[in-house]
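**Student:** If you scroll down you'll find the structure; I have some questions about it.
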Amino acid sequence: MIWQQNGTPPHYGLVVREYLDNTFLRWIGRRGTIEWPPRSPDLTPFRLALAHPIHRTHLPLEYLNADEHYSITIRKSLLAIQEADRLNITNTKHRLWFAYVFTNHHFLFYIHTSMCLYALETMANEEQKQQFLPLAQSFRIITTYAQTELGHGTDLRRLETEAVFDCTTDSFVLNTPTLTSTKFWPGALGRSANYILLMAQLYTPNRDHSCGLQMFLVQIRDLNTHEPLPGVEIGEISTRFAHAAGDNGYLRLNNLRIPRTQMLMKLAQVDEQGNFHHRGDTRLLYSAMIHMRIHLCYTFSVSLAQAITIAVRYSAVRFQGQNSHGNEIQILNYPLQQDKLVPCLSTVYAFLIAFMKLDTYYNKLKTNDTLFLDQLPELHTLSSGLKAYTSSVGEQLAQVCRVACGGHGFLIASGIVEIKNYLDAVCSAEGDNIVLFQQTARYLLKVMQQVEEHNGKQNGSSVAYLHLPSWSSTTLINLEDYCRLFESRSQLLIKEVCIHMLKSSSSPYDTFMKNSIQLVHIAKAHMETFLTRAFYEQVRKAAQHSSISIVLEQLFYVFVIHTLRNESADFIRLKLLSADQIYEYESRFLPDMYTRLRPNLVALVDAFDFHDHELNSCLGRYDGQVYEALMERARLNPSNRYKVHPIWLLMKQEALSKL
């Protein structure tokens, strides 16, 4: 292969991948063609997913119309469940990844498996779990999460969908009473789900008494015919361009009745007389949302990893221009191309490491309600901030990868376009990024006030640096110095905004609005601090692995200096670094890191171990046969079934008839 002829140690990717697999990545079967049904019992389930004959029954997805796309996607989604059962894949995370691989990342029951099942397990009481969990786990009922409305999304208090208790029938009457109360956007709602987890305003014992938002398990389709139930209007909203997003739909309810026992009642209960009772701390409702946001941070990171894998591999295959000897040049050898791609690669590693740290933190807390509630403010802050940061930066860097592939990168067949569209969409999904950054900033201001009042010491947490003196060195000598530099920048920015807001004579609302731009900025600074510290900790852990510790350290330097370059105004204004120092780092040190990393760039993306089927990219093929793949894909275009398109035949006939 081209890249192994240009200085890359042939087994370097294997060494890195083995280390990463033990920390935060997953292992899937290596590339190759296998038979179906398989003869060998030792093939990994993921290779079996890739070998299923259904993958040879359709054209590439970009050549299918909306109905064809949905038909093959739903068939693959159902087959993925059956195959996971047949192969006895019981681990929840492994099952979900198997389904992702099987469906080319178009698993229509993603929300059901990753969010709704978790919500049922944590929000339903024991009787409800016994009744509904087996049905949900066996996919007899397929759920989606119906929260966002046409007129309201992030502001949950303004949701308008109503659930009014009727004592005479021991049931709730559900309505979307206004146009803006229409449930809009839930994935799998349009044509797939037969149940929903509905967020609605509860009124009991009658319409005059509001009890706030509650979650209800609601059947919306007949389980035998799949027809919408009476009182349910349902449809799909996705366009042809965006149908890959996942069967997004709308829902209107007109006097739909459900039994009282289908309000999830672990934390709150309505009895037969319509009396409302709290049974637990309602803050535990955040658990499902935090779980989802942390999981999304991983999917965003993997999506960006796929984009950079495609771009780096293509850059190793593509030749353009010539050197002084008249030889063509690999575009990966151009410093300008490296300046696009190496920061992207280092950011992927930073994202995955930060996800691993946050996921470990969450898993330690989720089994202990007391500990979870105690740490909830910081956990909510980190999950909100990291979701917002990874998706917004991921979307920008996916575009960089697209541009780095030139005109071919704009083809759907490149694989990058769909990744970019996905990362673009998720900047608004599961919480608008700007709103999430503002939520992160609120917590930071609160902690800073406690610091100023000498209360609430946060040793060991992500905000522990707020209690430390600012970094006062004038030179960056080691990795710890970079961490302290970013922590001091964040600390000074937060303190500056906090003092400014406390001095304001305006109302709290007006003060918040006037400073909202700065609040988003300090939230981003805090997340960059979190990413830097997490990356540094991982480099330290890797010190015993001499074969990779150096390259991880090089990636760390690229990440922090690239981020420093982008935010140089802060470091200069706060007198943490001079303009000359920053210029030195970005013009001398950063290109030097590119040169050192160049022999290992392809190995570092190979370490993610994506199968060609997963990437679905002509440009990112493992064997480097890019141009052959592009021509093969082009010839499959249904438009090429005509040597002469019928419209030309018709026009020619019309022209001849006039002679």
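Heads up, the Cβ atoms here are built off N, Cα and C, so glycines get one too.
Keep in mind that TrEMBL annotations are predicted by a computer and have not been checked by a curator.
Among the features that TrEMBL reports, active site, proton acceptor is placed at E430. Residues or ranges marked as FAD binding site in TrEMBL: T148, G187. Summarising the annotation, TrEMBL assigns domain 'Acyl-coenzyme A oxidase N-terminal' to 52-142. Among the features that TrEMBL reports, domain 'Acyl-CoA oxidase C-alpha1' is placed at 286-445. Sequence annotations record features per position, and here TrEMBL assigns domain 'Acyl-CoA oxidase C-terminal' to 478-648.
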**Student:** If one looks at the chain holding T148 (FAD binding site), which residues at least 6 apart in sequence have a CB under 8 angstroms from its CB?
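**Tutor:** K183, F184, W185, P186 - these are the non-local Cβ neighbours of T148 (FAD binding site), listed in sequence order.
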**Student:** Measuring Cα to Cα, how many angstrom lie between G187 (FAD binding site) and E430 (active site, proton acceptor)?
**Tutor:** 11
**Student:** Report the same-chain neighbours of E430 (active site, proton acceptor): residues 6+ apart in sequence with Cβ closer than 8 Å to its Cβ, ordered by sequence.
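**Tutor:** Correct list: M289, M292, R293, L296, K387.
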**Student:** Averaged across the domain 'Acyl-CoA oxidase C-alpha1' (286-445), what pLDDT does the model get? Just tell me the whole number, please.
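**Tutor:** Within the domain 'Acyl-CoA oxidase C-alpha1' (286-445), the model's average pLDDT equals 93.
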**Student:** Could you tally the C-beta atoms, other than its own, that fall within 10 angstroms of the C-beta of G187 (FAD binding site)?
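**Tutor:** A count of 22.
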**Student:** Summarise the domain 'Acyl-coenzyme A oxidase N-terminal' (52-142) as counts of helix, strand and coil residues per DSSP.
**Tutor:** 65 helix, 0 strand, 26 coil
